[in-house]
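Asks: Okay, so Swiss-Prot annotates it like this:
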type	residues	note
DOMAIN	558-751	domain 'EXS'
TOPO_DOM	1-351	topological domain 'Cytoplasmic'
TOPO_DOM	373-392	topological domain 'Extracellular'
TOPO_DOM	414-434	topological domain 'Cytoplasmic'
TOPO_DOM	456-473	topological domain 'Extracellular'
TOPO_DOM	495-623	topological domain 'Cytoplasmic'
TOPO_DOM	645-667	topological domain 'Extracellular'
TOPO_DOM	689-751	topological domain 'Cytoplasmic'
TRANSMEM	352-372	transmembrane segment
TRANSMEM	393-413	transmembrane segment
TRANSMEM	435-455	transmembrane segment
TRANSMEM	474-494	transmembrane segment
TRANSMEM	624-644	transmembrane segment
TRANSMEM	668-688	transmembrane segment
Amino acid sequence: MKFGKEYVAQMIPEWQQAYMDYTCLKTILREIKTSQKRSESQGVLKRKLSGRRNFSGLTKRYSRTFSSRDLENHDIMVHATTGDDGFEKYETTILKVSEVGRESELVFFKTLDLEFDKVNRFYRSNVEELVKEAVVLNRQMDALIAYRIKLDQPSTSWSCSETVSVDINALDSKEQKGKTLAEEMGIKVEENVSNGGDSTKETAPEALSVLDRIRLNKNQENPLSTIRNVLKLSNKEDIKFTKENLKKIEERLKNVFIEFYRKLRHLKNYSFLNTLAISKIMKKYDKIALRNAAKLYMEMVDKSYLTSSDEINKLMLRVESIFVEHFAGSNRSKGMNLLRPKVTKEKHRITFSTGFFVGCTVSLVIALGLFIHARNIMGAVGHKLYMETMFPLYSLFAFVVLHMIMYASNIYFWKRYRVNYPFIFGFKEGTELGYGHVLLLSFGLGTLALCAVLVNMDMEMDPNTNDYKTITELVPLFVVALVIAISVCPFNIFYRSSRFFFLMVLFRCIAAPLYKVNLPDFFLADQLTSQVQALRSLEFYICYYGWGDFKQRQSTCKSSDVYSTFYFIVAVIPYWSRFLQCVRRLIEEKDVSQGFNALKYLLTIVAVCLRTAFSINRGNDWKIAAWVFSGLATFYGTYWDIVYDWGLLHRPSKSWLREKLLVPHKSVYYVAMVVNVVLRLAWLQTVLDFNISFLHRETMVALIAILEIIRRGIWNFFRLENEHLNNVGKFRAFKSVPLPFNYDEEEDRDS
């Protein structure tokens with residue numbers, strides 16, 4: 001792989017703008033090379049050089065007999081100055097500029113200096129932020145040590161004026177024995193501790209006095225904390241010295257250190273990549289321009305803050321030492337395994353298994369079609385009854401499998417265009433599923449469902465199994481029960497971390513607005529709005545099997561008032577959840593756009609209810625009302641999708657898209673907008689009551705649901721692309737991890 005591609009591949013996606021523009025500099029070098037070739041073709045065999053032509057006017061003849069040392073010392077000169085903001089600025093002067101490509105060389109070094117200043121400034125500002133964060137972490141660790149001491153000595157009464165005998169050295173790092181956590185983190189403190197027993201007595205009350213100034217942060221969002229916030233009650237609580245609290249504090253602080261170490265690694269990689277890019281581009285310049293300027297320029301780079309600063313390396317060593325000692329039981333291998341990033345390895349068995357299940361799914365679909373044709377099931381006497389009972393039961397799997405396939409395609413294109421979806425969704429590092437894993441699960445489920453359909457039909461048509469009609473009817477229920485059992489299985493199989501993450505987010509969607517709304521919450525709720533028909537299928541499962549209709553092989557659900565009522569409610573639940581999420585964000589974030597977004601979902605709720613009422617009653621009044629509100633909801637939703645969720649149709653940008661696009665072909669965005677509008681209009685089909693003669697009504701409803709799932713899959717890609725570009729614009733590459741302790745002076749300062 002060429003360096004240019006490797007350079008881009010190793011970039012932190014959210015920091016792309018902060019990296020040196022290697023491609024731009026290569027383009028300038030090509031211009032220099034082109035100028036030289038053009039000059040050679042015109043018969044220019046010798047180059048005339050001028051020393052400081054733009055500055056002193058002194059000229060000097062260039063001879064190839066110059067020694068390499070002369071060339072090294074006189075090709076360029078780099079000046080370092082300090083700007084008004086206190087950051088270093090570098091300016092390169094070319095001492096010998098040839099007539100051929102002179103302008104391009106000046107542009108090259110001007111661009112290189114600007115890019116290097118940008119990189120150096122970004123690196124230094126981030127290092128300063130991390131040093132400040134290290135001070136905060138040091139205070140958190142001091143509080144943790146004091147908490148441990150107090151928990152180990154519960155009967156000890158203490159105050160700031162008393163001295164107690166506590167072996168605090170036993171809690172410190174072996175390599176840093178006799179030092180406080182502040183010293184370990186590199187913060188200068190007064191040295192009043194020695195290795196003697198008396199000094200321990202003097203240190204213990206000082207360490208324990210920290211507990212006077214701290215409170216526990218109740219950062220874990222729950223309904224109770226939401227109520228406390230509404231009532232303007234503080235979420236800080238007095239410290240209770242229990243082992244359960246200690247475990248929670250240690251777990252939270254461990255996550256803080258892991259994220260802090262991740263920041264350090266990213267910044268170290270940032271420094272290395274940019275330094276390497278400068279070295280590579282200067283070597284190319286020397287080769288093309290026949291100079292020897294790389295060595296001098298790299299000497300300047302080596303002296304700059306970007307490479308000379310060792311704060312990051314020191315912090316990394318201190319974090320490793322503290323983490324291993326206090327969170328890994330002094331087991332360095334275990335500690336470093338937790339700190340270092342988890343790399344997901346592509347496994348051949350995943351590819352093989354996915355291909356196997358794809359083949360099985362295709363084969364079973366063909367077999368199902370041949371079976372239906374050979375047995376003339378569509379023309380059989382019980383065809384209509386079968387479509388009203390079995391079809392809704394099995395269509396559930398089709399909706400879920402299609403949605404998973406669309407999500408797998410989303411992951412593929414997110415990876416291709418470097419959308420950092422694991423960070424956006426907040427997946428635990430190393431546990432995110434790739435598109436291969438999702439395809440494996442989707443086609444595995446598809447194979448299972450198709451096998452169930454064929455078994456059901458075969459048992460229905462086979463005279464030998466005709467007596468087992470009840471068991472035949474229970475086949476789809478067995479499949480649903482199996483899927484639910486796997487989803488909630490506590491054992492570490494079938495991607496447990498991803499399953500539990502999904503279930504947790506699903507619960508937060510159901511419990512809206514009692515939980516703070518994060519992106520995974522409203523993203524999943526939006527997915528559920530495209531699975532209304534699947535939710536109605538689940539309702540049919542409960543009715544068909546719960547009320548015992550499967551024994552008579554005839555559904556009485558639609559004649560039930562309870563079923564009809566819940567037929568409304570089930571369709572509204574996803575939109576109601578999104579509505580409540582928008583209301584909570586409007587109150588918390590004071591973002592007016594969330595109010596307009598809530599209005600969109602409120603309109604959709606009314607439209608869905610009217611459409612459902614029209615599908616049941618078939619009256620003209622219902623039809624007109626459904627027409628009006630469905631049209632408003634469709635127009636409003638389409639506009640919101642394109643303008644707000646996707647960030648397109650931005651007037652100042654070229655072609656009315658947006659300033660930055662990840663997909664290089666603009667036509668993709670125009671096609672996506674048109675397709676979104678068309679598929680949104682398909683939503684109106686239930687109001688239009690447009691039927692195809694050779695399709696059963698249940699089939700038509702399923703086709704409309706499938707089109708909505710496809711629309712949602714397209715929406716997913718551009719929605720996350722827009723979110724990623726927002727993160728890039730704000731250089732947001734790290735998640736915020738809540739701290740366990742809150743100091744009283746910090747609370748006073750915040751207030």
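Glycine is treated like the rest: Cβ placed from N, Cα and C.
If you look at the structure here, what lies around each of the features I listed?
Replies: Taking the topological domain 'Extracellular' (373-392) as a whole, pLDDT averages 72 in the prediction.
Long-range Cβ contacts of the topological domain 'Extracellular' (645-667) within its own chain (Cβ-Cβ under 8 Å, at least 6 residues beyond either end) map to 417-419, 673, 715, 718-719, 721-722, 724-725, 728.
Listed as Cβ neighbours of the transmembrane segment (393-413) (distance under 8 Å, sequence separation of 6 or more from its ends, same chain) are residues 419, 421, 433-436, 438-439, 441-443, 445-446, 448-449, 452-453, 476, 479-480, 527, 530-531, 533-534, 537-538, 540-541, 544, 698, 702, 705-706, 709-710, 712-713, 716-717, 720.
Through the fold, the transmembrane segment (435-455) approaches residues 346, 350-351, 353-354, 357-358, 360-361, 364-365, 367-368, 371, 394, 397-398, 400-401, 404-405, 407-409, 411-412, 415, 475-476, 478-479, 482-483, 494-495 of its own chain, all at least 6 residues removed from its boundaries and within a Cβ separation under 8 Å.
With a threshold of 8 Å between CB atoms, the same-chain residues lying at least 6 positions outside the transmembrane segment (624-644) that come near it are 593, 596-597, 599-600, 603-604, 606-607, 610-611, 613-614, 673, 676-677, 680-681, 683-684, 687, 715.
Within the same chain, residues 611, 614-615, 623, 626-627, 630-631, 634, 637-638, 641-642, 646, 648-649, 657, 661, 700-701, 704, 707-708, 710-711, 714-715, 718 sit at least 6 positions outside the transmembrane segment (668-688) and bring their C-beta atoms closer than 8 Å to a C-beta of that stretch.
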Asks: With Cβ-Cβ distances below 8 Å as the criterion, list the same-chain residues six or more beyond the ends of the topological domain 'Cytoplasmic' (414-434) that contact it, or say none.
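Replies: Non-local partners: 8, 13-14, 262, 341-344, 346, 495, 497-498, 501, 518-520, 523, 662-663, 717, 720-721, 723-724, 727, 733, 735.
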Asks: Summarise the topological domain 'Cytoplasmic' (495-623) as counts of helix, strand and coil residues per DSSP.
Replies: 107 helix, 0 strand, 22 coil
